[in-house]
Amino acid sequence: LTLSLSSLKSSKREWKPLEDHSCTDVPWLLLFIIFCIGMGFICGYSIATGAAARLLSGYDSYGNICGQKNAKVEGIVNSGLDLTHKKYVFFLDPCNVDLVHQKIKSLAVCVSACPRKELKTLADVQKFAETNGSTLCSYELQPSEYTTDPRAAKLCPKYPVPESAPIPFFHRCAPVNISCYAKFAEALITFVSDSSVLHRLISGVMTSKEIIMGLCLLSLVLSMILMVIIRYISRVLVWILTILVILGSLGGTGVLWWLYAKQRASASAVETQIAKDNLQALLIYAISATVFTVILFLIMLIMRKRVALTIALFHVAGKVFIHLPLLVFQPFWTFFALILFWAYWITVLLFLGTTGNPVPNEEGFVEFRMVGPLKYMWWYHVVGLIWISEFILACQQMTVAGAVVTYYFTREKRNLPFTPILASVNRLICYHLGTVAKGSFIITLVKIPRMILMYIHTQLKGKENACARCMLKACICCLWCLEKCLTYLNQNAYTATAINSTNFCTSAKDAFVILVENALRVAAINTVGDFMLFLGKVLIVCSTGLAGIMLLNYQRDYTTWVLPLIIVCLFAFLVAHCFLSIYEMVVDVLFLCFAIDTKYNDGSPGREFYMDKVLM
């Protein structure tokens, strides 16, 4: 009996916020470091084998790297040439895109200069070579033979040769007019049956690029303004957002129907195709906005009684941002870190695309292929993309959790550290990187099977039977749900680690117990809180989209505005999500702290609450 009582007491976790700090999940940190060293090995190997030079300087179809002397490749003619003065790769048929292998299916040669004007005949190609010293045909043909040798039909560029310019840093001659690549896009977009539709969409984006950039900047400004509003008027934020969304959805729907009626009434007997496209797009937008508004009203009607539950928590979250203003800039640092890593990852991926030994293909040209175990470096690199990206996101969650926990469990707010964010980053680096590595690895383990199943589903599209298709989609859906649940549990585990300095598994178990004990509170506060933050995102998207409609309406006669408006709205939602996800994170951390506070404290002497008076 004594042993059972002692074991029961030891199993009960005593929460001691911020009293001591210790390193957590050190083996996982070592494993993550070893994995990162492996990522570095892949980069170093690709550079050492010449992949970087082939990527940056470019190489021709015979395995020669442009702009340098080359070694002879056995069995390949025209290899091992001195191309010191020929620094640019030129494709004889740049518009011949191989959709299966996703590359330009054309003979490539190194040239000293790209053709800066269109060359309509072989005589023009010959004149260009004699004038500029840049031979655009294969190496075995001399410029004097361009118009006389019958091999010129295969070894010289397909004419008319489009005007080209070198791509900065990559030394490839690319057509100035990219319309020839539209065929590639049309093959990917199956719903486009008329090629002129795609051309009008692309021209609409290019014509409205200044408006698109301005509207993207507007969405950023609106997101910042909304964060300021959350800080200073959090008590009435919920009702203000509700009223603004009602007015915004009604106003946006009304404006769409008004514009549709106005354009339909002013339509002339002879209409351009662009005007017809815009009229049809307006009708689709108006109907979609009407359906969305009705659904939104029904949801708000059902949830109106639960909205008041979030006001106190939102008020305290607003105080957190007042005391910790650097929280607003967390999305910038995370986004910057992700961009740097993704740029590195894509660069190494491009290196891997040109890594390997030169091997003759079926056409007698050179391809670089990896053999043996090295060909599996691709998979290692893909796993690295997922794990390290999740690690960066988890570092943000741990940083925010540590700063908010410091704020919550500091009774006298004037005794807060000068920069709680930097103090939280310091604790993360010194003690909890292993916990972050373990949590992000668990998410990676769920993401990889889901991505594999999605790839299989894409490859078998149209080939599998209905039962197999249903099972694949069900598995993908289940893995997606599991990933979302684990992400939420991970975030609360990071909060528990920030409070008690326990390892990941212990923190996840403790957080799970707290959440289960407060299941109704979790359901009510998280659902309503997330919904109100979603309304904030809707407000930003609707405001940006409405501004886009009013601005693009002045160009309706010569610009197709379907694609520009979609681009602007997607960017606005992305920006709003990045900013408001921080606020959502703060609310979730505050709720877990609040639940722990109410469980282990009752306000009596020696067990005083840490919480704000509003939460009391």
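Note: Cβ is positioned from N, Cα and C throughout, glycine not excepted.
Here's what TrEMBL has on this protein:
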- 26-48: transmembrane segment (TRANSMEM)
- 211-230: transmembrane segment (TRANSMEM)
- 236-261: transmembrane segment (TRANSMEM)
- 282-302: transmembrane segment (TRANSMEM)
- 308-328: transmembrane segment (TRANSMEM)
- 335-356: transmembrane segment (TRANSMEM)
- 376-409: transmembrane segment (TRANSMEM)
- 531-552: transmembrane segment (TRANSMEM)
- 558-580: transmembrane segment (TRANSMEM)
Counting Cβ pairs closer than 8 Å, which of 211-230, 308-328, 376-409 has the most of them with the transmembrane segment (335-356)? 376-409
With an 8 Å cut-off on Cβ pairs and a sequence gap of 6 or more, do the transmembrane segment (211-230) and the transmembrane segment (308-328) reach 3 or more such pairs? yes
Counting CB pairs under 8 Å, which listed stretch among 236-261, 282-302, 308-328, 376-409 touches the transmembrane segment (26-48) the most? 376-409
Can you work out which residues elsewhere in the same chain, 6+ from the ends of the transmembrane segment (376-409), have a Cβ less than 8 Å from its Cβ atoms? 17-18, 32, 35-36, 38-39, 42, 45, 320, 323-324, 327, 330, 333-334, 337-338, 341-342, 345, 348-349, 352, 370, 416-417, 420-421, 423-425, 427-428, 432, 435-437, 439-441, 443-444, 447-448, 451, 490-491, 494-495, 497-499, 582, 585-586, 589-590, 593-594, 597, 610-611
